[in-house]
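Pasting a structure below so you can have a look.
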Amino acid sequence: MWSLLTAAVLFARLSIAVPTTAAPAIEKRAAPTVQLDYATVVGSSALGIDSFKGIPYAQPPVGKLRLKPPQPITGDLGTVQATGLPRACPQMYLKSDDIPDDILGRFINTPVFQKITHAGEDCLTINVQKPSSATPESKLPVLFWIFGGGFEFGSTQLYDGTSLILRSMAQNRDIIFVAVNYRVGGFGFLPGADIKKDGSANLGLLDQRLGLQWVAENIEKFGGDPEKVTIWGESAGAISVFDQMALYDGDNTYKGKPLFRGAIMNSGSVIPADPVDCPKGEVVYEKVVEEAGCSKATDKLDCLRSVDYTTFLNAANSVPGILSYNSVALSYLPRPDGKALTASPDKLGRSGLLAKVPLIIGDQEDEGTLFSLVQNNITTTEHLVDYFSTYFFHGATKEQLRALVDTYPNDPSAGSPFRTGNLNQLYPQYKRLAAMLGDLVFTLSRRVFLDIANSKFPEIPTYSYLGTYGHIIPILGTSHGSDVLTSFGYTPGIPSTSIQNYYLSFVNNLDPNKGTPLGFPKWPRWSEGKMLLNFEAVKNSLLKDDFRGESAKYLEEHTDILHI
């Protein structure tokens with residue numbers, strides 16, 4: 001049996017954690033202060049950067065506001081000390097069985113795990129970090145970060161924009177970094193017919209949207225330009241970025257102006273999903289209701305709002321999570337609600353109902369390895385078919401799923417971690433399952449989305465990449481979540497330097513090439529030959545985006561039956 005700590009260390013690689021680093025000494029000068037309409041916000045300074053962490057952007061979603069859309073702040077909060085550790089929203093703590101310790105043992109003594117602390121329902125806050133020299137007249141571009149964590153974990157506690165801001169300052173193309181806290185798990189993405197009827201679905205997405213509206217109202221006071229916002233996310237955060245493009249049928253405006261002008265998606269894009277009141281959603285809802293002791297209540301949803309915090313937390317966490325055998329067949333995720341998310345994201349994309357903004361989107365080479373470690377009883381092709389039929393795609397027949405599985409050779413040398421021959425075969429179908437999960441949720445879904453985007457909006461620039469710099473890591477390869485450490489500058493090297501430079505160019509100019517220092521290859525638009533920028537360990541190169549073409553074709557032609 002795995003301990004909770006071991007599971008947490010694993011999920012640290014899944015992108016909810018960044019390394020712990022020694023905090024820089026606070027500069028001895030007057031604390032930076034920003035006057036908002038509803039509060040005086042006091043921050044801290046270090047390394048020429050002012051940080052304001054834990055600024056409330058919504059009323060606390062507690063009591064009668066639990067499981068309700070976020071509400072703007074209406075009163076005066078007085079002085080807000082935005083200098084400590086922001087409270088995390090309630091987390092979905094998971095258990096995972098049967099993963100050999102030696103796979104992740106090397107991570108235990110490295111600084112890849114930082115425990116999320118101080119969690120609670122009063123968690124809707126936002127972080128702002130800016131160059132100390134920025135004034136309301138600076139009009140700096142803004143990078144708006146949405147964390148990942150499978151819609152179950154994550155917090156702004158774990159992400160710091162210092163490395164990105166320092167690089168931007170050194171290159172005289174300053175940016176402001178913003179990170180938003182949003183509700184996760186059953187607090188933010190509870191499905192069910194009662195939830196839909198109440199208008200309380202996809203609360204985590206609505207939290208993010210209110211955070212963007214807060215930026216539109218307030219970021220100028222910190223030196224930012226509300227008309228130059230790029231939204232960026234990883235994993236569930238990247239899926240959220242896509243959903244922010246798709247909310248309200250692609251209307252991303254607030255008071256007549258766009259909330260963002262560009263988008264960056266690391267390891268995530270479109271996730272076809274059944275409605276919030278689908279049978280699977282009802283099963284999740286009824287399980288939570290039962291565990292909370294609300295099954296006999298006249299109004300079950302009202303009962304869920306009235307139980308104490310610990311009771312609801314335990315009930316919300318009683319369903320399968322991402323580290324369980326179910327893997328990425330998530331209990332909690334954005335689902336069509338007929339209101340904010342009017343249809344499955346894939347259908348909105350095909351209908352052209354998306355915010356039309358330039359974007360960067362990419363993946364790690366081995367996205368599926370971390371999600372395939374526990375299914376060691378899957379040893380045959382039929383086992384694979386049964387697994388996807390039982391846990392994932394209830395709208396597909398076994399014959400259709402067998403056809404999908406057959407597009408992946410029953411040959412370890414063709415599986416993930418890719419390009420490793422017959423090595424790293426943890427159990428008989430491990431590399432095949434890892435290849436499929438990585439493609440279905442991330443890599444080939446990205447390609448299908450890009451095909452749609454470029455057919456619907458050929459004038460909109462799109463850029464795509466593949467990270468392969470962790471190729472030598474046994475069992476995992478360049479796994480899901482490894483890009484977080486690279487993007488935030490915690491693993492110095494050519495990949496980190498490259499990604500930060502290209503992203504800073506995009507945030508400033510909506511073009512990853514404009515302003516990027518000499519020596520970096522030109523990143524072509526994806527429409528120009530369907531080429532990926534390949535971030536390798538010691539160099540960058542271009543790679544044709546045509547691998548696993550038969551599988552990609554099947555996915556594109558059968559998206560309607562491959563809903564989670």
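A Cβ is built for glycine as well, from the same backbone N, Cα and C atoms used for every other residue.
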Quick one: Swiss-Prot says Cys123 makes a disulfide with which of Cys89, Cys278?
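Of the candidates Cys89, Cys278, the one Swiss-Prot pairs with Cys123 is Cys89.
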Taking the recorded positions one at a time (Ser235, Asn377), which has its Cβ surrounded by the most other Cβ atoms within 10 Å?
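The residue with the most neighbouring Cβ atoms within 10 Å is Ser235.
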Cys89 (disulfide bond) has how many other Cβ neighbours within 10 Å of its own Cβ?
27
Where does Cys89 (disulfide bond) sit in DSSP terms: helix, strand, or coil?
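Note: Cys89 (disulfide bond) is coil by DSSP, not helix or strand.
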For Ser235 (active site, acyl-ester intermediate), identify the closest of the recorded positions Cys89, Cys123, Asn377, judging by Cα separation.
Cys89
Tell me the Cα distance separating Asn377 (N-linked glycosylation site) from Cys89 (disulfide bond), rounded to the nearest angstrom.
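Cα-Cα, rounded: 35 Å.
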Please list, in sequence order, the residues in the chain of Cys123 (disulfide bond) that are at least six apart in sequence and whose C-beta is under 8 Å away from its C-beta.
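Once residues fewer than 6 apart are set aside, Cys123 (disulfide bond) is near Pro61, Pro86, Arg87, Ala88, Cys89, Pro90, Ser155, Asn181, Arg183.
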